[in-house]
Amino acid sequence: MIAPRWRKVLRDTFGQRGRSLLAVLAMAAGVFEITTMVHEYALLEPALHGMYARTRPASATLLVDRVSDALVDSVRCMPGVGDAEARPVIVARVRVGPDEWVPARLQVVRDFGAQRLDTFEPDHGAWPPGPDDVLLERTALRVAKVGIGATLALRIEGTADRSVRVAGTVHAAGLPPAWMEHMVPGFVAWNSSLREGGVESAQIRMVVADHPLEEGHIREVADSVRTRLERLGHTVTRVTVPPPGRHPHADQMEAFLFLLLAFGILSFALSAVLVASMMHALMAEQVRQVGMMKAIGATDRQVAGLYLGQIALLAAGALIVGVPPGLLAGRTFAVFAAGVLNTDVSGAPFPLWGVAVVAFIGFVVPPLVALGPVRRAARIPVREALADDPPAPRLGGRRMRGLEGLAWLPRPLRLTLRATFSRRLRLALTVGMLAVGGATFMSALNVSSAWLRAVNDDFGRRHYDLAVGLDQPQPVAAVAAALAAVPEVERAEYWPAASPYLVGPGGVATRTVSLVGPDPGSRLLDLALARGRWLAPGDRHTAVVNGAVLALDPDLAVGDSVRVRLRGRTEAFQIVGIARELTPMASVYAPRADVLAATGQHDDEARSLRIVTRAHDDAGERAAARALEREFERRELPVTGLMRMRDARQGILDHLVIIWSVLAAAALVVVVVGGLGLTSMLTLGVVQRTREIGILAAIGATPTAIARDVWIEALVIGALSWVVAVALAAPLSWGLETACGNIFFKTGLGFHVSPLATGGWLALVLVLASISSFLPARRAARLTVREALSHA
Amino acid sequence: MIRLRSVTKTFETPAGAFAALRGVDLDIAAGEFTAIVGRSGSGKSTLLNLMAGIDRPSAGTVAVGEATLDTLSNDRLASWRGRAVGIVFQFFQLLPTLTAAENVMLPMDFAGTIRPAERRRRALELLARVDVPEQADKLPATLSGGQQQRVAIARALANDPPILLADEPTGNLDSATGADILRLLGELSAAGKTVVLVTHERGALDGTTRTVTLADGRVVS
Ligand SMILES: Nc1ncnc2c1ncn2[C@@H]1O[C@H](COP(=O)(O)OP(=O)(O)O)[C@@H](O)[C@H]1O
Ligand SMILES: [Mg+2]
């Protein structure tokens with residue numbers, strides 16, 4: 001036996017199906033957002049914090065002259081060292097097609113069964129590998145274009161080509177996915193045949209015993225280890241300390257989560273606003289019934305309870321509608337994000353705290369945002385509520401005088417628009433909602449367009465098509481002869497290059513930078529300068545550094561000295577300019593002669609080439625790259641790397657997918673919410689003008705004309721929202737462009753507004769307005785004169 | 001039973017303050033069947049609303065039964081109204097999505113007076129008493145005006161209040177149906193209810209025991 005007041009609630013809810021459905025969808029949008037975020041976080045949290053730490057990432061890596069078990073044992077016993085493991089690395093290239101090679105890094109593992117640092121797990125196939133086997137990281141199969149059991153052709157500097165069998169795959173959660181880095185990570189056994197000929201770089205990885213996340217402490221310990229090793233008669237050529245505790249793709253992950261959170265909160269807030277305005281509309285329609293109930297003895301509290309109950313019912317519907325797609329979207333995002341991190345999402349069930357959060361948001365927020373309108377309606381004096389023309393609890397009601405100037409419009413349309421503009425707060429809510437949706441949409445396009453532009457601009461300043469690295473410095477004459485034999489090559493320049501350490505404050509070597517010595521007169525490189533000037537012919541010991549160098553040492557400025565350590569010596573260059581470059585790789589450009597001197601190369605030798613091809617399309621560049629590989633091989637000039645600039649550019653553009661997917665999903669939700677808001681506003685307008693519409697129909701307005709006016713009303717609101725959206729999109733795009741650029745490239749992307757986005761949204765919002773107006777317009781057109789005039 | 005002392009009610013209008021009642025003193029004894037008459041705009045509805053606690057006076061006191069309405073909070077006033085008075089309106093004011101029986105049960109629900117299991121039985125009894133037993137499970141929109149007003153009277157009786165207040169209950173009905181409704185109110189008065197009827201139809205005065213005439217917000221006789 002249900003009490004009559006709850007029967008009223010049930011009948012009102014299920015009787016007005018269209019309106020209830022709109023309200024449920026509006027609430028469901030918020031529930032969807034929250035469920036997505038909670039589920040995604042619940043799935044990713046273990047991957048983010050657990051999995052990487054469980055690989056026991058090395059605090060530091062030392063490059064030494066040779067490794068032995070005894071040496072590693074002694075490192076393990078040095079003060080401050082927690083553990084150490086020998087992990088020699090073989091740098092190679094693997095063949096992925098005729099004359100096409102991809103770089104590979106093969107780690108030599110002491111004991112697959114007793115890994116200590118940077119651990120990995122068996123995935124598929126053999127474990128451990130035999131002497132002629134390699135295990136590839138599971139994400140590398142696609143890059144190497146092989147399957148398990150296949151034979152891999154390997155080329156290692158200074159040795160004859162060989163082949164190994166891909167015996168299986170492993171999962172190394174600490175390595176970025178191979179497809180994002182476009183290189184092949186692999187693992188070979190201590191007794192691997194590849195080690196013959198001493199081609200490996202002997203590396204010892206270590207973790208510190210205490211304060212594993214303090215970079216300064218790690219450096220101190222690593223430095224003392226180096227000193228001790230040198231005292232033992234070893235040479236230590238390099239000490240690298242990666243950012244402690246951070247997955248190599250942590251930055252991208254954070255950008256992704258930041259965007260997801262920002263837009264999740266934004267669309268949740270919008271949904272809450274929409275729910276509030278719908279509840280306001282609901283209460284406006286119920287004023288007379290509130291009066292009736294209060295007249296027969298209902299207290300304010302009972303009336304409010306009744307409507308809050310109705311809202312709880314709608315909220316329950318919203319949970320049913322919003323949770324399943326939210327779970328799905330959360331999983332989809334989590335899987336995508338885990339792919340970027342090269343981890344798996346756990347199969348963890350939706351956590352209990354998540355259920356609590358979603359239920360709280362789903363059940364408590366709607367009544368909370370409705371509390372204002374409900375209380376206001378419940379407090380209306382009976383006399384007012386039952387008056388002939390019951391007042392809606394008003395949300396701003398003054399008339400717009402300005403519309404009187406639109407005398408040229410047909411009178412019925414003027415009536416419609418005047419009603420629209422007289423409800424200012426409701427209009428502002430609807431316009432605001434659509435505008436935020438539009439701004440999100442436009443920002444998504446603006447950011448990706450800015451990204452595209454920045455990348456194209458950056459690569460457009462490099463007027464070469466291929467970058468080739470040779471194993472050894474070779475006589476320029478021999479290299480030139482080889483190039484001359486390749487008709488696809490137009491011309492080339494030889495730029496000495498090296499990878500020294502940047503010497504930071506206090507004389508401590510920090511990260512590797514790339515030291516490049518272009519010909520000062522070269523026209524192949526035309527970098528944009530943020531400050532200062534480019535290298536000039538005749539410069540000595542000067543340098544142009546890019547933004548990534550400043551990110552490593554923010555104190556550097558034009559006029560300061562940048563110091564690098566190379567071959568045991570420290571070289572200083574005076575900074576004359578700061579270049580704007582997109583790459584996160586820190587680069588120091590110095591005069592060719594200085595770089596030659598620092599690297600010990602001779603002027604008539606070449607090791608790194610910049611090549612301009614004759615044809616500037618994908619096929620032409622690919623053909624040139626293959627022909628070059630063949631020609632260098634024929635002339636026994638071993639190549640260590642050949643990069644097509646087109647591939648490099650595409651690699652950077654591929655990271656856009658992350659941004660785009662988040663923004664597109666967010667824009668979609670916001671647009672749906674905005675459309676719902678518009679529909680509910682138009683419907684309410686029709687309901688409140690029922691009597692007026694009846695009079696218009698009685699004096700001869702056709703249903704078509706009445707429907708058309710509702711449609712025009714929607715278009716006017718849509719166009720208005722577009723204007724606001726354009727204004728909102730500018731700062732939003734700027735903020736996102738700056739944030740994305742800083743996270744990925746350590747520099748802003750440069751403000752950019754895409755005309756396509758701006759125009760596209762205008763078209764889209766008008767279509768959306770038309771769709772939103774369909775039901776309300778039909779409702780208005782179907783009102784019969786009798787119904788309309790008897791409307792109480 | 002009902003006692004008004006120096007009651008004044010002024011409304012704020014765009015044209016300035018307007019006094020709808022000016023210093024009304026009125027006593028209505030238990031069991032009386034009082035008709036309040038006067039021209040349209042003379043203040044009849046305003047007076048009735050004050051007795052029902054639907055509105056509050058600008059000055060003066062209103063006491064109904066044991067209660068002095070001015071001292072009650074809005075919520076207490078509503079609860080008091082649910083138990084102590086039954087109100088009948090010109091436009092019936094039935095909730096459109098509830099059946100006749102449910103509309104009658106609603107005041108019991110709000111007041112929490114009758115045991116839930118008893119409510120429907122009582123509602124059906126009341127509907128039988130006002131002669132619409134077979135309309136119990138129909139929605140108001142499917143009933144005639146006279147039937148709707150009978151349902152509204154049954155609803156006013158739901159919590160067995162001692163006082164019935166009716167504001168032009170026949171104003172929206174044809175004269176024959178209206179006469180039936182007035183006869184019903186007469187019967188209720190005879191059964192012991194204190195009935196106050198606002199009307200501007202002279203013919204309605206037949207069964208009443210007393211007539212109060214209002215003009216320009218004052219009791220003139
Ligand atoms: N809410 C109100 N605001 C302003 N004036 C009102 C209001 N209610 C009633 N009045 C005025 O008070 C006077 C008395 O109204 P009312 O009691 O409804 O008259 P009756 O019921 O006798 O026709 C009328 O002139 C009416 O215009
Ligand atoms: Mg009246």
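Here the Cβ of each residue, glycine as well, is placed from N, Cα and C on the backbone.
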Where TrEMBL places transmembrane segment among the ranges A:167-192, A:427-452: A:427-452
Beyond the flanks of the transmembrane segment (A:303-323) by 6 or more, those residues with Cβ under 8 Å of it: 5-6, 8-10, 12-13, 20, 23-32, 35, 279, 282-283, 286, 290, 293-294, 358-359, 362-363, 366-367, 370-371, 374-375, 377-378
Any contact, the transmembrane segment (A:21-44) to the transmembrane segment (A:714-736), with at least 3 Cβ pairs under 8 A: no
Touch test for the transmembrane segment (A:256-282) and the transmembrane segment (A:427-452), at least 3 Cβ pairs under 8 Å: yes
Helix, strand and coil residues within the domain 'ABC3 transporter permease C-terminal' (A:262-381) as assigned by DSSP: 103 helix, 0 strand, 17 coil
